[in-house]
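Over in TrEMBL, the protein carries these features:
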- D242: active site, proton acceptor (ACT_SITE)
- Q79, H80: substrate binding site (BINDING)
- 4-249: domain 'Carbohydrate kinase FGGY N-terminal' (DOMAIN)
- 260-438: domain 'Carbohydrate kinase FGGY C-terminal' (DOMAIN)
Amino acid sequence: MSTVLGIDLGTQSLKVVFYDGDLRRVVASESAPLSLDQDGSGRAEQRVAWWVEGLHKAMLAVDPEIRRSATAIGVSGQQHGLVALDRDGHALFPVKLWCDTTCAAECDEIMANLGGEAACIDKLGNPILPGYTAGKIRWFRKYDPENYARMVRVLLPHDYLNFYLTGQAGMEFGDASGTGFFDVRRRAWSDEVLRAIDPDRDLRDCLPPLFLSDEPIGTLRASVAQQLGLPAGIPVSVGGGDNMMGAIGTGNVVPGTITMSLGTSGTLYAFSDQPRVDPEGRIAAFCSSNDGWLPLLCTMNCTVSTEWMRRLFSLDIDAFEAHIAKADCGAGGVLTLPFFHGERTPNLPKAKGCLLGLDGDNGKPENLLRSAVEGATFSLFAGIEILTSLGCSTREIVLTGGGARSATWRQIVADIGNLPVTVLDQSEGAAMGAALQALGLLAGVRGDAFAALVRDHLSRNEPLCCTPNDSAVDIYRDLFAEYRKAVALAIDLYR
């Protein structure tokens with residue numbers, strides 16, 4: 001048996017998968033929970049030691065024979081976190097994560113130094129958001145100057161695992177594009193932004209070399225191999241951020257596919273063969289980890305709204321599914337604006353959830369429940385409209401996340417979008433993408449050849465795939481127009 005190992009460093013857990021390319025299946029999958037140090041101030045931190053411990057725990061749960069079969073490794077990781085290392089490779093500070101918002105003021109300072117948000121988008125392709133790495137570096141400089149002065153290397157979370165595995169430091173274009181100091185059009189660091197972060201030192205000296213998607217970051221160190229039960233010296237691919245590896249793991253490696261994740265938040269991304277920059281800053285204009293670009297956007301309330309409604313009626317998942325299947329398209333005229341936690345698309349951080357269209361006849365549980373699903377889906381398709389307005393093509397939607405397990409929700413997505421919906425047999429997402437990148441490294445392929453390899457190793461779960469229902473498409477076309485009108489009212493109310 002010969003396998004490739006995919007590792008996905010998430011926020012809540014670390015996952016490993018061993019994929020057998022000959023059998024076309026995952027032969028082992030394990031995960032380990034990760035602690036999160038978070039409080040009401042907006043601080044959200046982890047320690048690199050927790051990641052290493054999680055990796056060891058997940059790996060040692062895998063059968064030793066399977067571990068010995070690994071021939072290459074790929075690593076995916078949560079984006080944006082600041083890993084600041086000293087000259088001995090030790091972390092100087094707990095890792096401030098993507099969800100840490102304590103550096104919002106520092107982001108504003110950097111953008112002000114550059115001439116404002118619009119100027120920042122013009123220079124980088126993106127505004128500098130509180131989740132990005134740039135503000136965290138400036139925060140570190142301001143609040144811990146002694147340790148900041150000792151910083152000689154800046155890495156991102158997945159880069160740190162690569163560093164642990166190989167002893168080599170490096171970054172790749174996809175994850176680098178989420179730092180807030182990477183020009184996505186030129187695919188290069190921005191010296192101007194680095195000076196805006198810290199005018200007193202050359203931060204470029206702290207940045208590792210950039211690697212192409214088909215290059216190895218290094219080979220597995222013998223000491224680590226012995227501890228993990230893996231063969232020493234096997235190659236480690238450059239890896240990427242979890243969104244970029246998720247794109248590979250869902251076959252989103254050529255134009256025309258939209259990956260839609262129906263999780264707590266909703267996420268959309270599409271591969272592009274050219275940069276897609278929004279002057280209004282509504283999307284993250286990232287690079288992909290396979291030689292292209294990956295414009296991405298999020299909604300803050302996807303299963304948030306459906307779970308809120310499900311709990312309101314004290315229903316289990318099966319009963320929830322039965323209720324939404326029972327209701328007609330359009331939920332009897334009930335329309336939900338699912339902005340329960342504020343919203344990012346549109347940018348309404350103070351918005352609240354709204355129920356519209358209620359009358360004396362339609363206030364039935366099945367209508368209210370279905371309206372939550374439809375509202376969350378309308379919100380995502382408003383995001384797809386932004387992507388298509390920027391030139392992204394859409395031929396199919398690949399669904400992932402917990403909501404994709406609902407047959408009714410899958411059909412609603414197909415009907416609202418008038419697009420075929422694909423669900424894959426492989427549900428490992430980013431970890432699978434990392435494994436496929438490692439497989440591509442062994443095969444020595446990139447570009448179109450890598451895209452062909454990905455398509456060859458992913459398969460459709462045909463019973464779960466669906467196509468649009470023409471009559472429902474017509475109904476939802478009109479209802480989507482009503483949704484847009486309702487959003488306009490919410491903008492007036494909550495902006």
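Indices start at 1 and increase along the chain as displayed.
Cβ atoms here come from the backbone N, Cα and C positions, even for glycine.
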>> Give me the CA-CA distance between D242 (active site, proton acceptor) and H80 (substrate binding site), in Å, as a whole number.
In response: 10
> Under 8 Å Cβ-Cβ from H80 (substrate binding site), six or more apart in the same chain: what's there?
Replying inline: L97, W98, G131, Y132, T133, K136, L156, G178, T179
> So what's the average pLDDT for the domain 'Carbohydrate kinase FGGY C-terminal' (260-438)?
Replying inline: 95
